[in-house]
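As recorded in TrEMBL:
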type     : residues : note
REGION   : 1-61     : region 'Disordered'
COMPBIAS : 19-29    : compositional bias 'Basic residues'
COMPBIAS : 38-52    : compositional bias 'Basic and acidic residues'
DOMAIN   : 103-281  : domain 'MoxR'
DOMAIN   : 328-399  : domain 'ATPase RavA-like AAA lid'
């Protein structure tokens, strides 16, 4: 950016043009030049007028270029949101994932058919199956907890379903099968496991925390390692997902390990007053419930099925292809610190649970056709990290507040101020100007990307939430209502920053002189002359050495 003009330390950027004119008048006074007779324009005045016209022309040229580029960038961002190419939509990275997402959406609708206010639990159960994890439902009897397990089994093309109600008097034979009489004759302590939990693909265990110590150890191994010790032989268990149900939380410390095995948890309440009329209007199997082994009350015309290998492939592909960005890692780290240090009583989160939670977020991103976990995926942690149902509200509020924070605008403004200061000091250094231009373009790319992710806030909707496979419409709507107003405000701030970055970028491309750049970006100029070293801000009109 070649220039022979340095900057003066002034109280405000708006005084730059006036300072130049005052300097010209002082110079004329010192030279003793008097106005010409006959109304003829003095030479100094003509030169001043030409200089002001050149400055105005350069200002107008830069501003026009900035308006055109800014308009195009904003239109492109809105067009991507309209096509579903923003953060809330599928990016087309893999056509097979689009097919998978459609299949999961159909399975969700099939499982939810005939149920009232169970959209969240339906999605959590399918997500648990995709992750190879287990779901715990806590709530009073008669809230369709067992119905969900049966419906998941009905969607699986192969594999058996196991269901059992535990009591304090339950014995291992009820879950793992009776002892083999022939085995005992051969001095072998083995069980006949066919039709019992060790051979099931989907299981529902009611009152799961009634499990006694005789059952507990084998149950833990099945849930975590998918292994069962049958006599001297350790066999693989085909269990895809277990749905555990309970009317109350575990009270004994020996059950803490079992409690921790259920990665996803949901508190199931009775149908609200608003949904009661819909519930009472149900007819057929949906109204009377279902029995173990049938289609769980689902519409018999539904043909969607999911194979166990489908679920396994999702887990492996998600682990291999989906990355977790640093901002999501920092959010999870801060969330655990909040739960363990700021909550009373503290909410303990095991390392194993955190690792599995991250894998769950990878699966959520993969099935939503993304190669990177989004901050919006972390809303799912609301059903992962609580120990008591009341803590779910705290977790959701904390996550939404974190998502609604200023999304990096202060950091971008700080970086832009640094670029502006360096541009003022470049003084014709071609290499430095080229570096500044490259950095400005990168900063513009960051802002454009952030703006794209926020364009969906128009009209109070967020595609990243409303199109999310694993968030129920009610959950997505509540989150959108909380986030949309703040995101709209942040979007306006990003548009202003984008205009400033484009101004600097165009000025660098056109070799605009620093005193004109000061007029184009007065706020940054004011900060520069206020905070910059005095050596960088020399008296106006004095040539740089």
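Even glycines carry a Cβ here, placed using N, Cα and C.
Unlike curated records, TrEMBL annotations are generated automatically.
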Confidence summary (mean pLDDT) of the domain 'MoxR' (103-281): 92
Helix, strand and coil totals (DSSP H, G, I; E, B; other) for the compositional bias 'Basic and acidic residues' (38-52): 12 helix, 0 strand, 3 coil
Three-state composition of the domain 'ATPase RavA-like AAA lid' (328-399), taking helix and strand from DSSP: 50 helix, 1 strand, 21 coil
